[in-house]
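Trainee: Feature table excerpt (Swiss-Prot):
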- 1-367: domain 'TTL' (DOMAIN)
- K138, Q144, G145, S181, V182, Y183, I184, K194, F195, D196, T241, N242: ATP binding site (BINDING)
- Q144: protein binding site (BINDING)
- R220, K259, K344: L-glutamate binding site (BINDING)
- D313, E326: Mg(2+) 1 binding site (BINDING)
- E326, N328: Mg(2+) 2 binding site (BINDING)
- 390-423: region 'Disordered' (REGION)
Amino acid sequence: MAGRVKWVTDIEKSVLINNFEKRGWIQVTENEDWNFYWMSVQTIRNVFSVETGYRLSDDQIVNHFPNHYELTRKDLMVKNIKRYRKELEKEGSPLAEKDENGKYLYLDFVPVTYMLPADYNLFVEEFRKSPSSTWIMKPCGKAQGKGIFLINKLSQIKKWSRDSKTSSFVSQSTKEAYVISVYINNPLLIGGRKFDLRLYVLVSTYRPLRCYMYKLGFCRFCTVKYTPSTSELDNMFVHLTNVAIQKHGEDYNHIHGGKWTVNNLRLYLESTRGREVTSKLFDEIHWIIVQSLKAVAPVMNNDKHCFECYGYDIIIDDKLKPWLIEVNASPSLTSSTANDRILKYNLINDTLNIAVPNGEIPDCKWNKSPPKEVLGNYEILYDEELAQGDGAERELRNRPGQPVGPRAGRSRDSGRSVLTTWK
């Protein structure tokens, strides 16, 4: 039956096509009857647009949710997380607890961020509280480090404004929306270099939320040693880890591509910081990923024809606190090294094993919850049905003195939540 699956893609990457061909699937065009379409975010917009009026049949599935941008657009991700915090606060959830300075104890995992031009005055007010801070500015809808720059003076933004006297922000080239965030200027360094984590997370359904973590993530390193010096603010080889930028650096290594496996990072941290501290760090990373998904779940169009593999970008500071930087809807499938090619081939293979019933035609009624033995390098990160089914959340949430936050422990293998007291 596997040979009957008809596939289409508008992303010509060998790691995709080789996986489809290995399964004996048949390539067709988008105008023919197809069962599986691995598409770009531009195409998914057209497929689900009101104008197109395209209706997917039960034997058709696609690799994006219709409004994935609620998570993957930088401004909307922050907006949804802020809304989620306020909702938990209204409900009196222990997760929304704050310290004496009004800072969230457990939900402070995204750098302070403002939308421009909308929040320009709020940003200026915050900037003046800490005039020595550095901020990073990013266009909302771009990837691969495009259009990003760092600032440490208000005048650097006013240069972009047609009329700085009005304190309004207007880009000279377009009126494109930007986010501006406090720059994490104390990143954890290895070999003196800044790095971030790229982690892959597969969501098979948002309601109920079920997500999987891919165990083979990696670290991306800058090619130039880090310095917070203001003289290097414009040097993106110091500050941005994106391979699309670093590969143009003089010191870029084409053999390892400036990458480390997450397992190597874990071993390094265990040897330098200790096993307990390292385990706590990774528990916190898993916890904030699930919180970000819970933040967008209510607004996500949970179309049964969809699944999505996200690329999460996490930065760890020198106090071993993880920060969610952004989420990518189409993490790069370009292979920069031999190891990269193997990793991404296996990522697609394991993703297909969850999205499509084994040896069968795609079926939107399939719950995308296969037995553990076919998960490959994925492991269940959170399963809302199992978490609610055992009744543990409500009981633990009501117990006085019950620990909350990412330190409270997890049970990923059972499919229960990373945090025992989650909402």
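A Cβ is built for glycine as well, from the same backbone N, Cα and C atoms used for every other residue.
On this model, are these features tucked inside or out on the surface, and what's nearby?
Mentor: In the three-state DSSP scheme, I184 (ATP binding site) falls into the coil class. All protein chains included, I184 (ATP binding site) registers 19 other Cβ atoms within 10 Å of its own Cβ.
Just so you know, the Cβ of R220 (L-glutamate binding site) picks up 19 other Cβ atoms within 10 Å once every protein chain is counted.
Classification of E326 (Mg(2+) 1 binding site) by DSSP places it within a strand.
Note: E326 (Mg(2+) 1 binding site) has non-local neighbours T72, K74, M77, K138, D313, i.e. same-chain residues 6+ apart with C-beta under 8 A of its own C-beta.
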Trainee: Reported as an integer number of Å, what is the Cα distance between K259 (L-glutamate binding site) and I184 (ATP binding site)?
Mentor: 20
Trainee: Give the distance between the Cα atoms of R220 (L-glutamate binding site) and I184 (ATP binding site), rounded to the nearest whole Å.
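Mentor: Here the two Cα atoms lie 16 Å apart.
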Trainee: Tally every other Cβ atom lying within 10 Å of the Cβ atom of D313 (Mg(2+) 1 binding site).
Mentor: 19
Trainee: Would you kindly give the Cα-Cα distance separating N328 (Mg(2+) 2 binding site) and F195 (ATP binding site), rounded to the nearest Å?
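Mentor: Answer for this pair: 17 Å between alpha carbons.
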Trainee: Please tell me which one of the binding-site residues listed here (V182, I184, K344) sits closest to N328 (Mg(2+) 2 binding site), measuring Cα to Cα?
Mentor: K344
Trainee: Please average pLDDT over the domain 'TTL' (1-367) for the predicted structure.
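Mentor: A mean pLDDT of 87 is what the predicted model shows over the domain 'TTL' (1-367).
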Trainee: How many angstrom lie between the most widely spaced Cα atoms of the L-glutamate binders R220, K259, K344?
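Mentor: Value for the max Cα separation, rounded to a whole number: 15 Å.
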